[in-house]
Structures are given as C-alpha cells and as structure tokens.
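The next block holds one structure in the form of structure tokens; read it before the comments.
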Amino acid sequence: MLFGKMTCKTVAPKIWLALACTLLSAPVIANEAAEPSPAELIEGLVSGRAPVGGPFELTDQTGHRRTDADFRGKLVVLYFGYTYCPDVCPTELQSITLALDNLGANAGAVQPLFITVDPERDTPARLAEFVSSFHPRLIGLTGSAADIKKTAIAYRTFFVKNAAAASGEYSVDHTGFIYLIGKDGRYLGFLPPGVSPDEIADAIRARLGAE
C-alpha cells in the first residue's frame, strides 16, 4: 500500500514512501494519556496489523446525531479533513464527487462521509455550507474534541492543530487517506491521497461487486 501525507499540502506520489520511512523510524514518545503516536497509528494502518474503524456518534450538518449504524447497507467512503483546508481537502472531496458521478446508478449504494478534524471551527452550520459544494449525498460530521479524537484514533488517522497566527487563523496537519467501509460496517481498505476519480470509482465498483 502507498503512504499518505500528514498535511494539507500536496506531495508528489514518488515521495510518499520516503515520508513513511521517515515517520515510522521516528522515536515513539508516550504522552500522559497513552495515546498512540503518529508512527503507531500509521504503521498499524499501512501494515494491516491493527484494527481499523469502529462505532462513533457524531453530529451531522443538520444538527442531528448520527452513528456508524445509520449507514449500514451502504458502502461508506470516508474522508477526514476540515473546512478551512486550503487545498487538499477540497481536492480530495471533489475527486470523490467525480467518482460517484462516474458510478451512475450505482452511486445510490454508496454513502460519502466527511469527518472534521477541526471541531472547534467546524460547526454544523459551517459544515452545511462546505459540503454543499460537493456531492449532494455527502454528509459532514462534527462533534466534541474528545469524540473526534476517539473516532480519528479508531481509523488510524493522525491530526494536529498548528500554532495560530496573529490573526487567530490556524491550520491542521492530518493524514489524508480515503477509507472504504463495507455495508456491514467492516473496514475494507484505504486509498492514498492524490488518487484519481477513476481510481476511486474502480475501487468502489470492485467492492460493490464483492459484497
């Protein structure tokens, strides 16, 4: 599997592996909460040796509580990001949108989800405005900082809020994988950042055909 990048800036596919080696060789420093380090999260994902996914309860862009169980019966395409991301997040969501358009009638069997890693700013109202720019089936999810962190860790997603500028604005570095979740809620695999809409559509078709 290819390795995805931990930031909201583009990285050429040829250096994903180099980034992976750099991160995975870094020393692991335990924190007070004994949370997994970035290296542990990503190593567990790319190696396939760690469980990925699990239950969550978050709030969608309409203010309603949603759980993972709400999406049973659909193949879920899940992306973690944030609405103030200047480049990669909108690009990846546009690729997912185009992939679903490519699926035609089969898109009805797919549920795209966007989970924010910036719950401080990404309110339901903010999410509603943001997701309206992409596929009409896209659901945005937010929650408390604790709920978002718990969900991100379950999906082996790393994110960190950077220091704010004098204006108060800040960015959030995060992994940029696209996760595929089966109709039964079982994790199926991930796609690295930068994959084309056609590649996403092909991966979805293959999974729909296998289930």
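Each residue, glycine too, has its Cβ placed from N, Cα and C.
Annotated Cu cation binding in TrEMBL involves C85, C89 plus, out of the candidates H135, H174, the residue H174. The domain 'Thioredoxin' (31-209) scores a mean pLDDT of 92 in the predicted structure. DSSP gives C89 (Cu cation binding site) a helix state.
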